[in-house]
2 protein chains.
Amino acid sequence: MKKMKIYRDSLAEMKKVVANLTEQTTDLEVERRVAEIIDAVKVRKDEALKEYEKKFDNLDIENFEISSAEINEAFRNLDPKIKEALFLAKKNIVSYHEFEKEQGFIDTKTPGIIRGQKVTPLEKVGIYVPGGTAAYPSTILMTALPAKIAGVDQVIMVTPPQKGGVNQAVLAAAKIAGVDAIYQVGGAQAIAALAYGTESIPAVNKIVGPGNIYVATAKKQVFGKVAIDMVAGPSEIGILADKNANAKELAADLLSQAEHDVRARAILITDDEQIAQKVSDEVTKQLEDLPRKSIATQSINERGFIAIMKSIPEMFELMNVVAPEHLEVQLEDAMKYLSLIRNAGSVFLGRYASEPLGDYVAGPNHVLPTGGTAKFSSPLGVYDFIKKTSFINFSKEALNNDMNAITSLAREEGLEAHARAIEVRFNN
Amino acid sequence: MKKMKIYRDSLAEMKKVVANLTEQTTDLEVERRVAEIIDAVKVRKDEALKEYEKKFDNLDIENFEISSAEINEAFRNLDPKIKEALFLAKKNIVSYHEFEKEQGFIDTKTPGIIRGQKVTPLEKVGIYVPGGTAAYPSTILMTALPAKIAGVDQVIMVTPPQKGGVNQAVLAAAKIAGVDAIYQVGGAQAIAALAYGTESIPAVNKIVGPGNIYVATAKKQVFGKVAIDMVAGPSEIGILADKNANAKELAADLLSQAEHDVRARAILITDDEQIAQKVSDEVTKQLEDLPRKSIATQSINERGFIAIMKSIPEMFELMNVVAPEHLEVQLEDAMKYLSLIRNAGSVFLGRYASEPLGDYVAGPNHVLPTGGTAKFSSPLGVYDFIKKTSFINFSKEALNNDMNAITSLAREEGLEAHARAIEVRFNN
């Protein structure tokens, strides 16, 4: 195999390299097929869902809903070690996400005027859980628990049907997370069902969770009819390390993301030539006996790289342009660099904050902005499952005080009926 | 003209009527033309912008940026009455939106574990301001001020060029709001420029503000590359009123939204036959001498209606299905109904909280979710211009405590490299 690519260019040059990383591609053929699926489900509902499950998965689905007997059975049969780990994860996810709850506010400082904001949970939320090897029980906790903490009435899960039945750990995790109903339906058709509702599956207000290109495209197409979380791309890790870091640990952390997907991206930025070389060697060595070697090798070869910068501030500046999903700061006294971090989904500070810790049990969400979208997006959180409503109450006198300003602006904007709606209250 | 339609159906029947109101239509031809414009601007940048401005507006634009001399001139020449009104609006918008600022958090309860969330403003934001009669100075304050309060470094405005130069009140309002740069470019090409950047116009992280179908479609297409606010539809008002309300005032408030757009929607829900009749008569009467009579008449005829329900709780239940952009509660002791409101963008409580008060000077944002999206979206706010980053710091002992849970879950999910990244820290 090839060695991990090492760049020794200037910061300015490297910024250009990074700017060209986040290409977005739209596949018009996928767009067209997804639009067709959505239209079919909108009109023919369950009948269309059944046809697509037959066509794509060669499965005849009679009942989309998975019975509570089956879910309870999966929970009972779950390996006690996994059960314990999921309950630990739940405890920490809940205690972290409780901090994200919002309260609204009320402002009563001005006599005669009340202004405020009310926070209301969404009524129904849909969670997409991929099938096959990408069916991660941990992701069910990460998506369903924040919705539950927000106070969502109904958290609905959809997941592709499988020949031998849906992954048992997935069903058990859904029970632990408090998911209200599970439907076995996948792909763009599942997204369409959640957006428009069918005889079996209720329409929701928001759809979250990862999925393949069909799922991602469908989410983008139903955006506006319902809310969606960001359309997630392949996983990424960016590591900042100096000469004191441990090359074996850095290599292991890079590979923990590379094993996800051939399009995953693992990046090391350092100020030290030796650590760059050592990590590159270690990556090659550790790749040898990884079960997912071929995936990780392709990711490292095609998308991974190491960049050597002149100083720690330059390292942070470049990493802020990358805006990685996961950022590890493997520098001494790591906490002190928090103020230099502008763009990242989740930050892992210090030697023992290895990225997989955040994937499972630390508590912060592992559904994170990818592909540079950390420049404008947040981790999935309780705030994704609430919405705000402003309110005002004015006395007659308070409205009278503002009348001239309102009517002047309304008439300036050519909106006479706006002005009259205020005036009618005083000459009525 | 026709009278405003009055429904006397049951709640269940009315819910069906309302569910069919919010049809979404996609215009494939518009989609295709917008995609073409975006591709052209992405590749040929300023050159493409100039061609489109020539083609669509028949204007030759040399410099896209409007000079500070021109902006200052517009500010100096602004009608003092309008200037005073805009400064009053600014003061109240700022004092309301200050409540929306977020602080992040840090959790240090468990020895050896630090978990937190850091709030960072977006770096660059673009605001779209429509041209012609829809160029509202008030909207500039409502979009730019929350971005400024969030701490955005650069707030950039784009607005279509006009034969006689850009609307002077718009330029003055941009100065009052603290907009950092104004570019005269409109339509889908302006959105493309903000998303991808050109020689003249910097790329931004988020695009907000209202626009026509081309602007809305372009925003949807660049979503993912940048963040966008909700794609806004025509304006709406829903009023809840009983027999004690004043029919003249209700009619005036309905018309204040109807005058915006032939597709605007004005709805009254009441429990009283007489007030329904009186409002319907008043609407007809007040329409007579409105400057925007033809727009408002078409809106009222085609999209407005009155629904008579059996009780106040039924009125709220139906209105929550409508989920209106603006909701007026014209009931006695209006504040006490706050808990019955689930879905609305902005709520106006009591006789003197007339909707246009909220459009201009009350302080809450007037960029609000339309078309039923108040079920899952919030008013534009400071929270739209920040993003969150989670962070963790673990001691060796704390990581050791969680090691078994992490490695069990990683191996259950088939992610061996995840497990090894943790273990390497203890057998290294």
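Even glycines carry a Cβ here, placed using N, Cα and C.
Curation does not apply to TrEMBL; its annotations are automatic.
According to TrEMBL, the feature coiled coil maps to A:4-62.
Residues or ranges marked as NAD(+) binding site in TrEMBL: A:TYR128, A:GLN189, A:ASN212. Non-local contacts of A:GLN189 (NAD(+) binding site) by the CB criterion (under 8 A, 6+ apart in sequence, same chain) comprise A:ILE37, A:ALA40, A:VAL41, A:ALA48, A:LEU49, A:TYR52, A:GLU53.
The DSSP secondary structure for A:HIS260 (substrate binding site) is coil. Per TrEMBL, the feature substrate binding site maps to A:SER235, A:GLN257, A:HIS260, A:HIS326, A:ASP359, A:GLU413, A:HIS418.
Note on A:ASP359 (substrate binding site): other Cβ atoms within 10 Å of its Cβ, all shown chains, come to 27. Sequence annotations record features per position, and here TrEMBL assigns Zn(2+) binding site to A:GLN257, A:HIS260, A:ASP359, A:HIS418.
The active site, proton acceptor feature in TrEMBL is assigned to A:GLU325 (among others). Annotation for A:GLU325 (active site, proton acceptor): spatial neighbours A:SER235, A:GLU236, A:ILE237, A:ALA344, A:GLY345, A:SER346, A:LEU368, A:PRO369, A:THR370, A:ALA374, criterion Cβ-Cβ under 8 Å with sequence separation of six or more.
According to TrEMBL, the active site, proton acceptor annotation covers A:HIS326 (among others). Within its own chain, A:HIS326 (substrate binding site) has A:SER235, A:GLU236, A:ILE237, A:GLY238, A:GLN257, A:ALA344, A:GLY345, A:SER346, A:PHE348, A:GLU355, A:GLY358, A:LEU368 as residues 6 or more apart in sequence whose C-beta sits under 8 angstroms from its own.
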Spatial neighbours, same chain, of A:ASN212 (NAD(+) binding site) - Cβ under 8 Å, 6+ residues apart: A:PRO130, A:GLY187
Filtered A:SER235, A:ASP359, A:GLU413 - binding-site residues with C-beta under 8 A from chain B: A:ASP359, A:GLU413
Integer Cα-Cα distance in angstrom, A:HIS418 (substrate binding site) to A:TYR128 (NAD(+) binding site): 45
Additional residues surrounding NAD(+), by Cβ distance to the A:TYR128, A:GLN189, A:ASN212 centre under 8 Å: A:PRO130, A:VAL158, A:PRO160, A:GLY186, A:GLY187, A:ALA188, A:ALA190, A:ILE191, A:GLY211, A:TYR214, A:VAL215, A:ALA218
Site diameter for NAD(+), Å, by largest Cα distance between A:TYR128, A:GLN189, A:ASN212: 13
Whole-number Å value for how far A:TYR128 (NAD(+) binding site) lies from A:GLU413 (substrate binding site) (Cα to Cα): 45
A:GLU413 (substrate binding site): tally of other CB atoms within 10 A of its CB: 21
